[in-house]
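J.: Shown below is the structure under consideration.
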Amino acid sequence: MGVALRDILADYKTPVTWEGLSGVAAVDANNTLYQFLTIIRQPDGTPLMDAKGRVTSHLSGILFRMVNFLEKGIKPVFVFDGKPPELKQETNAERKKLRDEAGEKYKEAVERGDEEEAYRQARSATRVDETIIATSKELLDLLGIPYVQAPSEGEAQAAFMVQRGDARFAVSQDYDTLLFGAPLLMRNLTVSGKRKIRGRAVTVNPERLVLSEVLSGLSLTREQLVEVGILVGTDFNPGAAGVGAKTALKIVKSGGFAQKLAEKCPGFDPAPVADFFLKPPVTTEYELAWGHPCVEGIKKMLCDGYDFAPERVDAALERYSAKAGQKTLESFF
């Protein structure tokens, strides 16, 4: 997912504490749900499920991360992907193929008792489907957390909302949020402080990326940063073979973008991709209103509907009350 710019952005990542993260956060919903589905799993790689075999990893992730966000003074608004652009069709088709292949490899690993391989392939087979989206929105409604339906890419809409001042920062693991123009991007906002990287749990800290600092430090315009992304490869184009982020940066700064692209990707027109990053489809048709969480509704959905342990749900809801110094979750608002 996203664009591989890590190698040129390392110097511009600033560790931050949770205490400095208050304000409205435009959360890249699909990216966040994908994290929940890949990380919150059982030892054999299968996601958390209820007695009916329905996946619940994302619901657990939403509940506990949102509790944590609100405890820290973060007011989240989830931004869901809309219709994918035609530019993304090839990428989506390739991802589906890889997920299907991983699903078959998972079954083979289970049959031969290879738990480690089964876990790895199960994560690779993860998909955010319509049921995951619908149940996530249902829980967000009950929690009183607003969400926005983007016309296209959620990262683009989140970036736009920060540009407008409707959110303080965007939350996503994807660096293309910067290419879409997010002034402030936050990464690694996990409850546990850990992420799975190459199958291992590693400790991570919240980190901040400020677009103006990135552009100033790299001596680039945003248009040039997009060119770097196009050379490396994005969700909308495969990139130039053998060109990594550092090489792409040198090429763009030396004025060789068009020549290198013509050499490596003959016949490819970068203009539609650049235009999509610089002028993506976004909407102003949204309302940000945080409502009163429905305690009984949350319990009914999670405990009665999806077999969540009542004590876990109660403990999460009590954290709201402890934070507010009051007896009920509703009174927190």
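Heads up, the Cβ atoms here are built off N, Cα and C, so glycines get one too.
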J.: From 280-288, 307-315, 325-333, which range did Swiss-Prot mark with region 'Interaction with PCNA'?
T.: 325-333
J.: Quick check on the annotation: Swiss-Prot has ASP28, GLU153, GLU155 binding Mg(2+) 1, so which of ASP81, ASP100, ASP114 does it put in that site too?
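T.: Between ASP81, ASP100, ASP114, Swiss-Prot records just one in the Mg(2+) 1 site with ASP28, GLU153, GLU155, namely ASP81.
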J.: Given that Swiss-Prot annotates ASP174, ASP176 as binding Mg(2+) 2, state which candidate in ASP129, ASP235, ASP269, ASP275 belongs to that site as well.
T.: ASP235
J.: Mind giving me a neighbour count for ASP28 (Mg(2+) 1 binding site)? Other Cβ atoms within 10 Å of its Cβ, every protein chain shown.
T.: 32
J.: Least buried of the binding-site residues GLU153, ASP174, going by other Cβ atoms within 10 Å?
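T.: Result for the binding-site residues GLU153, ASP174: minimum number of other Cβ atoms within 10 Å at ASP174.
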J.: Can you count helix, strand and coil residues in the region 'I-domain' (117-256) using DSSP?
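T.: Counts, helix then strand then coil: 65 helix, 24 strand, 51 coil.
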J.: Please report the DSSP secondary structure of ASP81 (Mg(2+) 1 binding site), reduced to three states.
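T.: Once the DSSP labels are grouped into three classes, ASP81 (Mg(2+) 1 binding site) ends up as coil.
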